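Undergrad: Take this structure first; my questions come after.
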Amino acid sequence: MLVLRPSLQRGSSDHGWLNSHFSFSFSEYYDPEHMGFSKLRVINDDIIQPSTGFGTHGHRDMEIISYVLEGNISHKDSQGNVRTLPAGEFQLMSAGSGISHSEHNHSNNEILKLLQIWIEPNVKGQAPGYQQKDFGQREGLTHVISPDGINGTLQIKQDMHLHQLLLNAGQQSNLTSVLPNQYVHLVSGRLQVNGVEMAPGDGLKITDEEKLDFKSVSEEAIKALVFELP
């Protein structure tokens, strides 16, 4: 079964320095029909204005993925990590027993666009951790996050996998998953998944589909995230 959530149905907020669209309930946006999907709790599509950002704040028992779409984000946390995450790279922060961090767009003239993703962990109270990696811009599906860190993927505390999907016009790809649920978030282009067409910002909840067939149906390059979930 495939259930499409159009981009325009997402929640949103505008704080001037921060403009956000919420795929699931978050902060002041609450929709009991969209509290998450499987262990996927949050996908926030954020635009941060120049010379602004999130001050120091804390998290606990959550796996937090950041994927920068445009610009650079400066990260600093209570574990001593001071890093810059440029466009195209993935960051995985395991909050565990507790971590504080800040995130800023230090550019004076460029906006920062990124996806902030929260995954519920399968263990709680573990030591916090930080991982970051550039997986490149290879066409097709690129495995970026897994529960066991296989083949250089970032290792997450949950039985789930995350893939980056990049396609040019007319290209296709496919995925066979052993997990019962999948979720697709489309960043750019127009994508067809098992016959369902998606536009940028759309989300697609998938259950009881053994194989996913991806097809580009636009001239614009496809960029999407594909989640395999328990």
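Glycine too: its Cβ is placed from the backbone N, Cα and C atoms.
Since we're looking at a predicted model, the values are computed, not measured.
According to TrEMBL:
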DOMAIN    13-119  domain 'Pirin N-terminal'
BINDING   HIS57, HIS59, HIS101, GLU103  Fe cation binding site
DOMAIN    144-229  domain 'Quercetin 2,3-dioxygenase C-terminal cupin'
Undergrad: For the binding-site residues listed here (HIS59, HIS101), tell me which residue's CB has the most neighbouring CB atoms inside 10 Å.
TA: HIS101
Undergrad: How many neighbouring Cβ atoms, not counting its own, are there within 10 Å of the Cβ of GLU103 (Fe cation binding site)?
TA: 22
Undergrad: If one looks at the chain holding HIS57 (Fe cation binding site), which residues at least 6 apart in sequence have a CB under 8 angstroms from its CB?
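TA: Listed in sequence order, they are SER100, HIS101, SER102.
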Undergrad: Determine which residues of this chain, when HIS57, HIS59, HIS101, GLU103 are set aside, have a Cβ within 8 Å of the centroid of the Fe cation site's Cβ atoms, and list them as they appear in the sequence.
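TA: Surrounding the site, in chain order, are PHE54, THR56, GLY58, ILE64, ASP77, MET93, ILE99, SER100, SER102.
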Undergrad: Compute the average pLDDT of the predicted model within the domain 'Quercetin 2,3-dioxygenase C-terminal cupin' (144-229).
TA: 97
